[in-house]
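*Asks:* Take this structure, written in structure tokens, and hold onto it; I'll ask about it next.
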């Protein structure tokens, strides 16, 4: 497996535990179906079997933790914090102009949260991140806001 950071390994373990509903260390097709359903997908039995077959290297019909880690490692690849930060910024910067406006922030927050934020709360979030005072958040300001102090 590729070298994974401790954070990535913890994330993989959390994901595995979410799939492994009964906690027996294996993901069955039934457990996979439950998780897929919670994600709004309804795969057929054949699709579920195919998903498991792609990952199930020992051929026992279930996905063990080691197989899950191997699959996730292939998908994750090496982490590039700069690239991840740029991708996160792009999620907010809907029109791609390099600035996050209050309208863009409101749109993203509406998608990610059930709580409806007031215009005042959105404006406050922008103000907190907006170092140069132009009423928008540029990439450098976004990085400062997202980086733990």
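Note that Cβ sites are derived from N, Cα and C of the backbone, with glycine treated the same way.
These numbers come from a predicted model, not from an experiment.
Pasting the relevant annotations from Swiss-Prot:
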- 1: N-acetylalanine (MOD_RES)
- 20, 22, 24, 26, 31: Ca(2+) 1 binding site (BINDING)
- 43-78: domain 'EF-hand 2' (DOMAIN)
- 56, 58, 60, 62, 67: Ca(2+) 2 binding site (BINDING)
- 80-115: domain 'EF-hand 3' (DOMAIN)
- 93, 95, 97, 104: Ca(2+) 3 binding site (BINDING)
- 130, 132, 134, 136, 141: Ca(2+) 4 binding site (BINDING)
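I would like each feature placed in context: is it buried or exposed, what are its neighbours, and how far apart are things?
*Replies:* Within 10 Å of the C-beta atom of residue 24 (Ca(2+) 1 binding site) sit 10 other C-beta atoms, taking all shown protein chains into account. For the recorded site, residue 24 (Ca(2+) 1 binding site), the DSSP three-state label reads coil.
DSSP states for the domain 'EF-hand 2' (43-78), grouped as helix (H, G, I), strand (E, B) and coil, give 23 helix, 2 strand, 11 coil.
Take the CB of residue 67 (Ca(2+) 2 binding site) and look out to 10 A: across all protein chains shown you find 20 other CB atoms.
Counting residues 6+ beyond its ends, the domain 'EF-hand 3' (80-115) has Cβ neighbours under 8 Å at 122-123, 125-126, 135-139, 142-143, 146 in the same chain.
Using a 10 Å Cβ-Cβ cutoff, residue 95 (Ca(2+) 3 binding site) registers 10 neighbours.
Counting Cβ atoms from all protein chains shown, residue 134 (Ca(2+) 4 binding site) has 11 others lying within 10 Å of its own Cβ. DSSP classifies residue 134 (Ca(2+) 4 binding site) as coil under the three-state reduction.
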*Asks:* Using DSSP, would you call residue 95 (Ca(2+) 3 binding site) helix, strand or coil?
*Replies:* coil
*Asks:* Go through the chain and flag residues at least 6 beyond the ends of the domain 'EF-hand 2' (43-78) whose CB is under 8 A from any CB in it; none is fine as an answer.
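*Replies:* Those are 1-4, 8-9, 12-13, 15-16, 19, 25-29, 32-33, 36, in sequence order.
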*Asks:* What's the CA-CA gap between residue 141 (Ca(2+) 4 binding site) and residue 93 (Ca(2+) 3 binding site) in angstrom, rounded?
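*Replies:* Pair distance, Cα basis, whole Å: 13 Å.
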*Asks:* Taking 8 Å from the centroid of the Cβ atoms of 93, 95, 97, 104 as the cut-off, which other residues in that chain fall inside it around the Ca(2+) 3 site?
*Replies:* 92, 94, 96, 98, 99, 100, 101
*Asks:* Cβ within 8 Å of the Ca(2+) 4 site's Cβ centroid: which residues qualify beyond 130, 132, 134, 136, 141?
*Replies:* 99, 126, 129, 131, 133, 135, 137, 138
